[in-house]
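Quick look at what Swiss-Prot annotates:
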type    : residues                                                                                       : note
DOMAIN  : 33-283                                                                                         : domain 'GB1/RHD3-type G'
BINDING : Gly43, Trp44, Ser45, His46, Thr47, Gly48, Lys49, Ser50, Asp103, Thr104, Glu105, Gly106, Leu107 : GTP binding site
COILED  : 492-592                                                                                        : coiled coil
Amino acid sequence: MTQPQMAPICLVENHNEQLSVNQEAIEILDKISQPVVVVAIVGWSHTGKSYLMNCLAGQNHVSGTLPTSQRFPSGLHRAVSDQGHLDVVHAPPHQARALVLLDTEGLGDVEKGDPKNDLWIFALSVLLSSTFVYNSMNTINHQALEQLHYVTELTELIRAKSSPNPHGIKNSTEFVSFFPDFVWTVRDFMLELKLNGEDITSDEYLENALKLIPGNNPRIQASNSARECIRRFFPNRKCFVFEWPTHDIELIKQLETISEDQLDPTFKESAMAFASYIFTYAKIKTLREGIKVTGNGLGTLVTTYVDAINSGAVPCLDDAVTTLAQRENSVAVQKAASHYSEQMAQRLSLPTDTIQELLDVHAACEKEAMAVFMEHSFKDENQQFLKKLVELLREKNGLFLLKNEEASDKYCQEELDRLSKDLMDNISTFSVPGGHRLYMDMREKIEHDYWQVPRKGVKASEVFQNFLQSQAIIESSILQADTALTAGQKAIAEKHTKKEAAEKEQDLLRQKQKEHQEYMEAQEKRNKENLEQLRRKLEQEREQLIKDHNMMLEKLTKEQKTFREEGYKTQAEELRREIHQLGHNIKEMKQNGDSLVESILRSWFSFISPPSESEKAISSVLSLLRKKDRL
């Protein structure tokens, strides 16, 4: 069943030469927890780019159906579509990813007034998208490339790193690492796809159009500058050409109202190919080091970038990623902690029979919670959020240990009260000759029955020990009043009682020692498992970083080779230097990666190893036990 359309919502608008983010759009993005594929469509006014947006949004109409600048303030518009349908809808929770469409108001619109508006909207589209679609008319020629002068200003509008390059060099590798794929769509294409009399594909047409043209003419230099920037910043390129939607002049005048079957079949075929490519190959928005952006993460990015622009700064990827990491890692801590609490509550039946039973469940739930955090966190500098999680899990584990003790204490006390009720109700009947033996028989039966009660928990011995201590004065009174016993027999009985009490106290202390040993062994095992989880994550991040750098190296090497073959030695040499530096960085990552990981792991182990206050308290119990053993 087709879901109802969701109207486009303005994401970024320009009021009085000041960009602002629409909070309604941010609230919608915040609800999208899946990774997002972000497609931005940019082009000059009245070039038909809205039709492309409609193709992706599932509207079978031609340009004009999306709001124009007369109806919406200038800026980006967003719509969300799931990957399974072309209807513009909220992304369902079960979808693995969501599609976010960013439609810009037309570039060069004189009604917008602010000349910088186009520059910033162009830059934001590049920063936010994973696929950047540039739409133009007729052909890719000098004029079309001159109109794309915005791409030559990206290095002035965007920074990759918080600290500038120490040599002041604008390194294209910094941008290649996070720039989107580039798709050029040409509407009302007027040429045949031929080169030197041979048929060529639209992609080959684009690559030929991006070849540098010899000459010092200012127009040639301007178009060459755009060509070079596209080739260096956007190594993944694709092109689609669209012939006229219809050759009927009267129908062209009514493009907004004609039906789909009145469109030229070749035009419809191109539109379907474009939409199919986007839905099949458009990638999830990914930042450096393989960080996948979710809907709520996209909202954080756009807010951070717009805040930077409004403050007079240049949007910086590193700063945005840091802001995003702070938010996402904080959420990851809460997700992991909630998972731990939910799973502990589901799997535990308090009181547990032994402390080991609780520790086993805790270990399993903690391991899962750590995995949840590792999955949803990134760039956790100095493991500050992981430390918060560990402290939170320790606190929660302590609460479960306390609840377990309280449940055991309550249950044991209730059972002991039930079993000893007859004894306590008839205590006066033992003040007779031979009463001490009768009292001891009944108490021994209580003890026997008590230890037959299942799942008393960790407080079973302590509760019974307290019961015996509460009976000590009563037993002594009954013993002294028993005229059937001689003074010597009473002394022997009293000595036996004290010895038995001392032995039970020793048993209780040994039990606490055993529980402490189990706790410490379980903690050590968990620490090793947590350390291994952290090691895997650090190594995966390093491998991803090396993989990303190798991909950049491959793309830049290919582009450098092309420049060299075309005879452009200056551009080839610039890329050679960048390739050399990138190769050096990869070599350093491989050589120093292990030592860096080990350094982080050592620091982490020193954090998780120190004994807690509760462990110190247990140590004092051990000290007391050793003293008693020496007596």
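Positions of Cβ are set from backbone N, Cα and C atoms, glycine also.
Within 10 Å of the C-beta atom of Gly43 (GTP binding site) sit 25 other C-beta atoms, taking all shown protein chains into account.
Note on the domain 'GB1/RHD3-type G' (33-283): mean pLDDT across this stretch is 74.
Cβ-based neighbour count (10 Å, all protein chains) for Asp103 (GTP binding site) stands at 29.
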